[in-house]
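Per Swiss-Prot, the features are as follows:
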MOD_RES   T500  phosphothreonine
TRANSMEM  93-113  transmembrane segment
TRANSMEM  123-143  transmembrane segment
TRANSMEM  155-175  transmembrane segment
TRANSMEM  191-211  transmembrane segment
TRANSMEM  233-253  transmembrane segment
TRANSMEM  268-288  transmembrane segment
TRANSMEM  536-556  transmembrane segment
TRANSMEM  576-596  transmembrane segment
TRANSMEM  606-626  transmembrane segment
TRANSMEM  630-650  transmembrane segment
TRANSMEM  688-708  transmembrane segment
TRANSMEM  710-730  transmembrane segment
Amino acid sequence: MIPPASSTPPGEAVIPSVAPQDFWRSPISSYSGSVTGHISHRANNFKRHPKRRKYIRPSPPPPPNTPCPIELVDFGDLHPQRSFWELLFNGCILFGIEFSYAMETAYVTPVLLQMGLPDQLYSLVWFISPILGFLLQPLLGAWSDRCTSRFGRRRPFILVLAIGALLGLSLLLNGRDIGMALADTATNHKWGILLTVCGVVLMDFSADSADNPSHAYMMDVCGPVDQDRGLNIHALMAGLGGGFGYVVGGIHWDKTSFGRALGGQLRVIYVFTAITLSVTTVLTLISIPERPLRPLGEKRTAMKSPSLPLPPSPPVLLEEGAGDALPSTTATSLYASFSSPISPPSPLTPKYGSFISRDSSLTGINEFASSFGTSNIDSVLIDCFTAGHDNYLALPSSVPRQAISVSFPRAPDGFYCQERGLERREGPLTLGSDGDVLRVGSLDTSKPRASGILKRPQTLALPDVAGGNGPETSRRRNVTFSQQVANILLNGVKYESELTGSSEQSEQPLSLRHLCSTIYNMPKALRNLCVNHFLGWLSFEGMLLFYTDFMGEVVFQGDPKAPHTSEAYQKYNSGVTMGCWGMCIYAFSAAFYSAILEKLEECLSVRTLYFIAYLAFGLGTGLATLSRNLYVVLSLCTTYGILFSTLCTLPYSLLCDYYQSKKFAGSSADGTRRGMGVDISLLSCQYFLAQILVSLVLGPLTSAVGSANGVMYFSSLVSFLGCLYSSLCVTYEIPSVDAADEERQPLLLNV
């Protein structure tokens with residue numbers, strides 16, 4: 001017969017006792033109604049049909065939501081989904097930079113040639129800036145990875161580089177006037193040439209270097225889904241900025257009253273560019289908040305494993321006289337607080353990760369586990385089956401000793417007071433005179449581990465300690481793997497090191513030796529991607545830096561060194577202006593292609609998109625040298641935008657995919673962890689390396705050929721070479737070895 005529920009016995013010590021037959025049943029007079037609500041319908045059947053209790057095994061109740069204190073959870077790696085406007089404002093800096101860069105590429109070569117710079121030397125103007133970028137770009141990237149400014153890691157670099165670009169632009173477009181104010185004459189522009197070259201170097205280096213922290217800024221504050229959208233929006237803004245820049249440069253401002261009031265063509269361009277760059281920089285800096293990085297010496301709050309209670313179980317009967325007596329009402333409220341959820345359900349929904357339980361009762365665990373990385377959770381799940389029994393419940397000799405893992409939340413400090421007859425105790429709680437111990441603690445304590453992998457889920461045994469020696473007095477409670485997760489998920493120290501490893505900077509200080517080691521030990525996939533990126537920029541920069549000169553000399557048959565009143569000089573100026581409109585077509589085609597690139601990625605593979613971009617550019621530059629028809633040459637500019645959009649998007653998207661592999665990202669434990677800022681800088685260094693080679697080769701090549709046709713031939717040939725390399729050598733997917741190993745674990749089949 002099932003005895004009726006009665007008041008708590010006076011000998012109860014910490015938690016109330018129950019009769020053995022009511023092991024899964026809460027006493028009506030001692031427990032809150034919320035506890036009984038957890039009992040499943042099968043347990044209710046058990047109570048309604050006591051004679052059939054041998055054949056109906058009660059289901060264990062579901063665990064509560066994960067009671068993890070919110071202040072101990074580091075949500076730095078969790079990013080909310082960004083809106084379109086946030087991503088748009090975040091990419092505004094690309095609009096301003098490309099607007100400025102359009103002015104530079106359109107007017108640097110004509111301005112320097114008109115000031116008397118020899119043909120053999122004007123290509124070397126582009127040589128100094130890429131040298132500085134190639135040497136300093138990795139250092140800037142590594143520095144930004146470790147920057148501890150309260151404004152964030154990337155935004156201080158964006159601000160400084162934007163200011164540098166504005167100063168360089170001021171010297172570039174006003175160098176001739178400043179030189180005339182110093183000591184230049186109408187036939188000697190040595191000061192003007194020097195100031196213009198300095199402006200080109202500063203402007204080019206700052207504008208190109210600002211791309212890297214802007215990309216890293218977006219990747220830091222966005223999740224994986226928003227990163228692809230952000231890269232496409234960045235390419236879109238870059239294309240629009242270049243397009244509007246070439247539109248402004250292609251207008252004859254000298255013929256307008258506004259241009260005459262400001263002092264000429266270059267003055268109007270300078271005013272437009274300075275305002276655009278300043279406004280877009282401010283919009284980017286205030287777009288999305290950036291979390292500051294903790295200094296190396298600052299100790300972060302350790303996120304220990306939350307004290308996860310077992311599914312609400314009947315309290316364990318303690319021996320009479322063991323410990324201090326506790327009033328029944330106090331013990332009841334204490335147990336109710338232990339068994340009730342103390343954290344609100346997480347608003348996060350499981351989207352990623354292999355740990356998503358099919359048990360609907362594990363809602364809190366699912367939400368908490370899905371908010372962290374898959375590798376972290378899966379590594380903890382494997383520990384479920386490799387760890388040994390660590391806590392034991394000591395019982396009288398008449399009862400078999402069974403292993404149990406009990407984890408209760410700590411009672412608040414205000415609970416321990418003399419009025420309630422309970423004092424704070426450190427360490428295990430001693431019960432009885434025979435030395436038996438009941439350890440009631442949390443998973444925060446260090447626990448020894450046993451070796452070996454179990455081939456089946458472990459079983460938690462909850463003994464029935466209240467009665468005799470029959471088979472039902474030591475009935476085992478079988479708990480499935482999903483329910484054990486509620487007790488052993490988030491194993492303290494190991495989980496903390498895994499969680500903080502990806503978000504905190506490496507303990508190794510920044511040095512040139514460490515940077516060189518990172519470059520030397522570059523993974524093969526990244527090395528091939530860098531080579532392919534180099535070939536793309538080598539072909540593109542050759543066309544971009546000399547396109548307006550190509551239009552003026554080849555298409556319009558002009559001469560930049562002819563007298564200013566001659567027809568040849570006027571033809572050359574008309575060709576430069578028309579070249580600006582050609583670059584405008586290229587820029588808007590890049591913006592359009594960037595807008596549809598996300599849809600194309602759903603239909604075509606990244607390998608195919610790479611192949612199409614290189615092939616289209618090679619055909620476009622090659623056919624431009626074979627035709628003198630202005631409309632044909634301008635229409636071919638659309639192919640240039642396809643390659644530009646590809647170079648601004650796909651390499652960084654592949655790099656993000658590479659970082660999903662633990663093998664590629666490395667580990668802080670063995671010193672192989674890579675930094676996103678450094679690897680983005682390594683990709684960007686290929687742009688500088690390509691510009692260095694263009695500066696060294698294309699000047700003599702143009703002199704040897706006799707026109708700018710040689711530049712277009714060179715760009716077409718390199719583009720076809722990149723087309724082959726992207727198809728044969730680039731790695732587009734790194735197999736996740738770790739994930740495959742975890743999936744082969746038989747234990748995960750019980751989730």
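Even glycines carry a Cβ here, placed using N, Cα and C.
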Listed stretch, out of 155-175, 630-650, 710-730, that has the most CB pairs under 8 angstroms to the transmembrane segment (576-596): 630-650
Folded-back contacts onto the transmembrane segment (191-211), same chain, C-beta under 8 angstroms, at least six residues removed: 93-94, 97, 100-101, 104, 108, 111-112, 115-117, 125-126, 128-130, 132-133, 136-137, 140, 157-158, 161-165, 167-173, 175-180, 182-184, 684, 687-688
Contact ranking winner - 233-253, 536-556, 606-626, 630-650, 688-708 against the transmembrane segment (93-113), Cβ under 8 Å: 233-253
Two-stretch contact, the transmembrane segment (630-650) and the transmembrane segment (233-253), at least three Cβ pairs under 8 Å: yes
Tertiary contacts of the transmembrane segment (606-626) (same chain, 6+ residues out, Cβ under 8 Å): 532, 536, 539-540, 543, 550, 554, 597, 600, 632-633, 636-640, 642-643, 645-647, 650, 653-654, 709, 712-713, 715-717, 719-720, 722-723, 726-727, 730, 732
Positions whose Cβ lies under 8 angstroms from the transmembrane segment (688-708), at least six residues beyond its ends: 119-127, 129-131, 133-134, 137, 208, 534, 537-538, 540-542, 545-546, 549-550, 553-554, 714
Folded-back contacts onto the transmembrane segment (233-253), same chain, C-beta under 8 angstroms, at least six residues removed: 84, 87-88, 90-92, 94-103, 106-107, 214-215, 218, 259, 262, 264-265, 268-269, 272-273, 276, 280, 577-578, 580-581, 583-584, 586-595, 597, 641, 644-645, 648-649
Recorded stretch that, among 123-143, 155-175, 268-288, 536-556, has the most CB pairs under 8 Å to the transmembrane segment (710-730): 536-556
Intrachain neighbours beyond the transmembrane segment (536-556), with Cβ under 8 angstroms and 6 or more residues off its ends: 105-106, 109-110, 113, 123, 126, 571-576, 578-580, 582-583, 613-614, 617-618, 621, 624-625, 628, 630, 633, 640, 643-644, 646-647, 686-687, 690-691, 693-694, 698, 702, 707-709, 711-712, 714-716, 718-719, 722
